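Novice: The GTP binding site annotation in TrEMBL covers 133-139, 161-163, Arg422, 448-450, 530-532. Summarising the annotation, TrEMBL assigns IMP binding site to Asp134, Glu135, Gly136, Lys137, Asn159, Ala160, Gly161, His162, Thr250, Arg264, Asn341, Thr356, Arg420. Annotation source TrEMBL lists Mg(2+) binding site at Asp134, Gly161. Per TrEMBL, the feature active site, proton acceptor maps to Asp134. The active site, proton donor annotation in TrEMBL covers His162. Under the heading active site, TrEMBL lists Lys261. For Thr416, Thr417, Thr418, Gly419, Arg420, Pro421, Arg422, the entry in TrEMBL reads substrate binding site.
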Amino acid sequence: MNARAAVQRFGKAVPSIRKNTYTRKNLHNIALKSYSSYHEKNFSALYLAPLWLGGVAYAYVNDSESAQCEVVSSATAAAAHASHASQPHDPTMKEMWKEVLAKLNRIENAVANPKRNIDNLACVDVVLGAQWGDEGKGKLVDMLSKSYDVIVRVAGGANAGHTIVNDGKKYKFHLVPSGILNPNAICVIGNGVVVHLPSLVKELEDLRKMGVDLDGRILISDRAHLVLDLHQQVDGLNEERLGRNKIGTTKKGIGPAYSSKMLRNGIRVGDLRYFEDFQSKLRDQVTFYKENYPDLNVDVEAEIENFRRLKDYILSITVDTIAYLNNAHVSGRKILVEGANATMLDIDFGTYPYVTSSNPSIGSVCTGGGISPNRLQGIIGIVKAYCTRVGEGPFPTELHDANGEHLARVGAEFGTTTGRPRRCGWLDIPQMKYSTMVNGFTELNLTKVDVLTGLEKVKVGVAYWHQGKKVEGMPSNLQVLESSQVEYEVMEGWQEDISKCKQFEDLPVNAQKYILRVEELLGTHIKWIGVGPDRFDVIERPHPLQVAYKH
């Protein structure tokens, strides 16, 4: 079965379904034919199989037949069986089957929800940091935002920092989604974010001064918790108490604010609507912390007056963002979730305790935005072509030589939020495999490849060894991680300037080899390649399946 025949059969499928003559057996056959296409190496036909089933789902959704869920579910199961039976070792084939199954699952979801238009399903995409932060998430969000109607932050606070260079202007973001530079997008600060209101207001004022139109374009959740000035003081006091064992926080009050949330004595943005109650909660909060931190210096009445001045403006942009986002989704608006921090700083999945106090991995989309997981489509991982980390904590591939100095100098590795120099090292494949497993990345953006230009040799960490044994997975014990030795692959570097390259083939051969090797090791397609600091210094590299489909 070639691609042409698959298209023809797809065309015939829809009218026959409308007459209810397409049976469960026929759909099993479709899935099994896609399995046979794998054996025939007919990638185009395999890629068409879920599109084919999409036509079937269209017809079923429109006819709303009672058997539709069972029929499409059986096709999905057949394709899954075919996938596991084939056990392809080629990473490209694995990704191909993942894409087929993802599409089949989306079709099954469409059939189970017949009132929705299938074109508008799963139109929520996510951009997440895959390492220890500072990977360049804001740049991709800025580039992609023109294709989306809503950009949303779902976790973290002003400890996040995204920098975008646009027409010679440098924009720095901490709380506002960087998609705000798209004049047609609405930007949302979700319920999972902790917000220091004075910082938010200043950030908005700075953006206005730089010519960004914000009118009607920024919304904040009434359920988002507040970071108080006292939280920032407590953050600093905690670091002092820890001494040599300090975490290396940004001292933005993020941890204490999340602590208040978990202790259930936190204050939320929506509480400003009932200001007398708000004042009472604030006084209780101050009393609670002063009992534990006698050195805390808080003028509670001055704090109350500060909030009184801010509340009218803040309440004018405060909404139920959970309802807003879900209504936007149902109405067909495209949503992009902008991650903050990164997976290895996740309170559950990161190098605990040297982590942030939220979940900047895929789960935060649900808990911090109120978005159901069955609405997600693309999960994009942002990864530097090397690795950096700010603050304390283990860093297996960290460099303390001329190569590390090169990465820091050429990459301008200083924190957007703190200004602290970032620690630099080689790309860490075991760490990236772990991050990919946790988040289920559908594609990757490899940023700052240009920073590697000028190095004679480029290394990639491919395995950890501990006490003579290869370490499987990512160690949870930090002593094991810190005492492990890293096995490296060494590749030839390149000297050519790549900042003007527009296509993958324009890159130096050694740069191409590096990118393809990283893709092979991770088994996930690298769709975007960063070749310079400007917002459009990015090469977009289509998936080979998409190229095959077009031809």
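Any Cβ shown, glycine's included, is placed from N, Cα and C.
Because TrEMBL annotations are produced automatically, they should be read as predictions rather than curated entries.
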Novice: Look at each of the binding-site residues, Gly136, Gly419, Pro421, and point out the one with the fewest other Cβ atoms around it within 10 Å.
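Specialist: Counting other Cβ atoms within 10 Å of each of the binding-site residues Gly136, Gly419, Pro421, the minimum falls on Gly419.
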Novice: Rounded to the nearest Å, what's the C-alpha distance separating Gly419 (substrate binding site) and Thr250 (IMP binding site)? Just drop the number here, would you?
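Specialist: Approximately 10 Å lies between the Cα of Gly419 (substrate binding site) and that of Thr250 (IMP binding site).
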Novice: Of the binding-site residues Asn159, Thr250, Asn341, Arg420, which one has its Cα closest to the Cα of Lys139 (GTP binding site)?
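Specialist: Among Asn159, Thr250, Asn341, Arg420, Asn341.
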Novice: Under DSSP, is Arg420 (IMP binding site) helix, strand or coil?
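Specialist: Note: Arg420 (IMP binding site) is coil by DSSP, not helix or strand.
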Novice: Secondary structure at Lys139 (GTP binding site) (DSSP, helix/strand/coil)?
Specialist: helix
Novice: Which of the listed recorded positions (Lys139, Lys261, Arg420, Arg422) has the least company, meaning the fewest other Cβ atoms within 10 Å of its Cβ?
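Specialist: Taking Lys139, Lys261, Arg420, Arg422 as the recorded positions, the minimal 10 Å Cβ count falls on Arg420.
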Novice: For Thr163 (GTP binding site), which of the three DSSP-derived states applies: helix, strand, or coil?
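Specialist: Reduced to three states, the DSSP call for Thr163 (GTP binding site) is strand.
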Novice: With H, G and I counted as helix, E and B as strand and the rest as coil, say where DSSP puts Val449 (GTP binding site).
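Specialist: The residue in question, Val449 (GTP binding site), is helix (DSSP, three-state).
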Novice: Rounded to a whole angstrom, what is the C-alpha distance between Arg422 (substrate binding site) and Asp134 (IMP binding site)?
Specialist: 9
